[in-house]
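Annotated in TrEMBL:
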REGION    1-20  region 'Disordered'
REGION    73-94  region 'Disordered'
COMPBIAS  79-90  compositional bias 'Polar residues'
DOMAIN    119-154  domain 'EF-hand'
DOMAIN    188-223  domain 'EF-hand'
Amino acid sequence: MRGQLHGLNDGPRKSPQTLTGFARSRTTGKYVVQKVNVQPAATALPPSVPRLDTSATTFTSLSRPNARIAEIPGKATASAASTKEPSNDSLGAPVGVYGPRLKRRCTEDVCYGSGMTHREIKRLIALFDDIDTTHSGVINLVEFYYLLESPQNEYTRGILRLAPQRSDPKKLSLDDFVEIVVKFACMDNEGVIEFCFETFDEDESGALDSNEFRNLCSAIQVRTDTFFNGNFMRAMEHFDEDKDEQLNRREFRLLSIQFGLIFYPIFRFQNKVRVKTLGRWKWYHIKRRGKSIDACRHYMQTHDGREPPITWFDRVFSCWNHAPRLRHIAVELYKADQHRLQLEAQRSAILFNLGVLPKGATHEPSKPIPFEVKSSG
């Protein structure tokens, strides 16, 4: 029987691949019921469900931890051990936003997150090239501290920890130089105090014992006539509220508030870093840009990705305060953060289904949301 369909029935389907309609017979002229095979549309997943990489050869069904690995049509079969995990290579490779000289993505993120311009980065690169007289691409620590006009001691060498990916312990690459200078110059007062605490917390226990506290006082050259007459143990007993013979972070902050002058050498060193690089006024504006970007990112994180409303001040003075550019930077960084979290969620879900708990996990994560679509009928 031949005919054309006139209006498919929108009622309940008997099968996910079958639709019911009416066709007019060319011989009898009557309408008869016909069934048409169609391809069902893909069901949209809820936003909370992490999506798997469809370019992978295989994937694991997240609804059943012990399920077999399903094969994607048109792809080769693979075993469970060869399950492809999401990678962060796309987020770890440098973008080149400041040119080809910076080789690490983390250095770009630090500069980009502070709202630094190309001209400011070029000035830092020019300073590095002036020190690197041999054009080897690295400088030694003597040349670095000569630029800052500061001696090498416990707290001045502590800034080297701000470049965790430093490969050579006695030399600095351009990425190391830029990352150290930007991070340390943009620290506020609380950040400098926290940096000092972590520098002298050698065992990383989260508290300073008597030896570490004595090393701190001797390194920053505390004057004995202004700080408990040089009796450091008496000072430690005075601020040790819980009487455990250690100073935790809270007790150390109280010490910095009541005796802020004893930390003057550290703040003077930070001021030298600012003056010898871009200048105090320029770093002041860079700090303000970074705070604006952080505030915008925090707003987007707490409001489901919505951008903060534009104030009248930003509308009027947008040509002078870089407001549109800073908002664009905040949006781009927020998207990168969400993409990174999505990749981590995918990786954790795949490892969980393979029976491998993430490192440091003490309990199994919650049951994943089913991915497959069940056919009706």
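Just so you know, glycine gets a Cβ as well, placed from its N, Cα and C.
Nobody curates TrEMBL annotations by hand; they come from automatic prediction.
Remember, predicted model here, so these are calculated numbers, not experimental data.
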With Cβ-Cβ distances below 8 Å as the criterion, list the same-chain residues six or more beyond the ends of the domain 'EF-hand' (188-223) that contact it, or say none.
153-155, 158-159, 161, 232-233, 236, 244-249, 252-253, 256, 262-263, 265-267, 270, 287
Let me know the model's mean pLDDT on the domain 'EF-hand' (188-223).
83
The DSSP breakdown of the domain 'EF-hand' (188-223) into helix, strand and coil residues is 22 helix, 2 strand, 12 coil
Secondary structure composition of the domain 'EF-hand' (119-154) [DSSP: H/G/I, E/B, coil]
22 helix, 3 strand, 11 coil
